[in-house]
Amino acid sequence: MSIPAFGLGTFRLTDEAVIASVTQALELGYRVIDTAQIYGNEAAIGKALAQCGIPREELFITTKIWTENLGEDKLIPSLQESLQKLGTDYVDLTLIHWPSPGAAVPVAVSMQQLMTAKAQGLTRQIGVSNFTIPLMEQAIAAVGVENIATNQIELSPYLQNRKVVGWASQHGIHITSYMTLAYGKALKDAVIGQIAQKHNATPAQVILAWAMGKGYAVIPSSTRRENLASNLLAQSLKLDAEDNAAIAGLECNDRLVSPEGLAPQWD
Ligand SMILES: NC(=O)c1ccc[n+]([C@@H]2O[C@H](COP(=O)([O-])OP(=O)(O)OC[C@H]3O[C@@H](n4cnc5c(N)ncnc54)[C@H](OP(=O)(O)O)[C@@H]3O)[C@@H](O)[C@H]2O)c1
């Protein structure tokens, strides 16, 4: 079991917008969809999946458990509701979306619930999101590193998250980069633009290829068919050492996602 390197993000997209994005992406060859209970789009994605005609086993669907559903007796019923909305018997990956605020639900409790969900066949793999080093330590202590398929974190050229990534790689935890494009902000960067020109590629392809080259999975979102199509082609772009060194220099700890009351103390 492993995490596919390339998928489609769906944050902020609901109703017809998410149906259109997912449907076009699937037509173009995407097979990996990232959603979450809090996005309010699982049922719409379920519609798109039901209409697409692609066999379930060819798809890889991730959902994330919202913080209110982390407790014992809550996590599994909430996941069953997600499955119902998505129109599937199982998801491929279930993540804890954010650590429980104030550690109201201990990491060990929610990880154990995820293990039970996996044993019941509701999810093929389990993992975490927005987990810091101390939280990853707790998750490993609870269920063992072999059961943690990924830590999905904000990671872009402007927030390279080296401390977390270094620790995760030393301890065998895979990383998924979210907001790899810094929600479009990094696409206007002059350094990225130069590398794109050099390879006759788009800025988005350069950033996605950089992240995948480092071994991270990526899940860029788009509402535009041409962007969905060109982003997918990032999988065949290979950057060289000079490109990677230039992108390394863009790190500026520019974190875009840190919701008050939800974000842990970042490393
Ligand atoms: N675990 C978490 O807490 C968490 C938090 C945030 C996000 N996520 C996941 O990560 C996914 C990705 O993050 P994101 O959607 O916030 O941001 P993102 O993928 O970094 O950026 C998406 C933005 O970039 C634009 N874009 C995409 N491809 C482009 C291209 N080729 N050229 C020009 N513009 C392009 C899109 O506009 P157009 O629509 O115009 O193409 C959109 O505005 C989310 O959808 C979600 O699934 C997870």
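Including glycine, each Cβ sits where the backbone N, Cα and C put it.
Small disclaimer: the values here were computed from a predicted structure and weren't measured.
Annotated in TrEMBL:
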DOMAIN    7-249  domain 'NADP-dependent oxidoreductase'
ACT_SITE  Y39  active site, proton donor
SITE      K64  site 'Lowers pKa of active site Tyr'
BINDING   H97  substrate binding site
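Cα of Y39 (active site, proton donor) to Cα of K64 (site 'Lowers pKa of active site Tyr'): a span of 9 Å. Between the candidate recorded positions, K64, H97, the densest Cβ environment within 10 Å is the one around K64.
Under the DSSP three-state reduction, the residue listed as 'substrate binding site' is assigned to coil, being neither helix nor strand. Rounded to the nearest whole angstrom, the C-alpha distance between H97 (substrate binding site) and K64 (site 'Lowers pKa of active site Tyr') is 5. If you average pLDDT over the domain 'NADP-dependent oxidoreductase' (7-249) in this model, you get 98. Following the DSSP three-state reduction, the secondary structure of Y39 (active site, proton donor) is helix.
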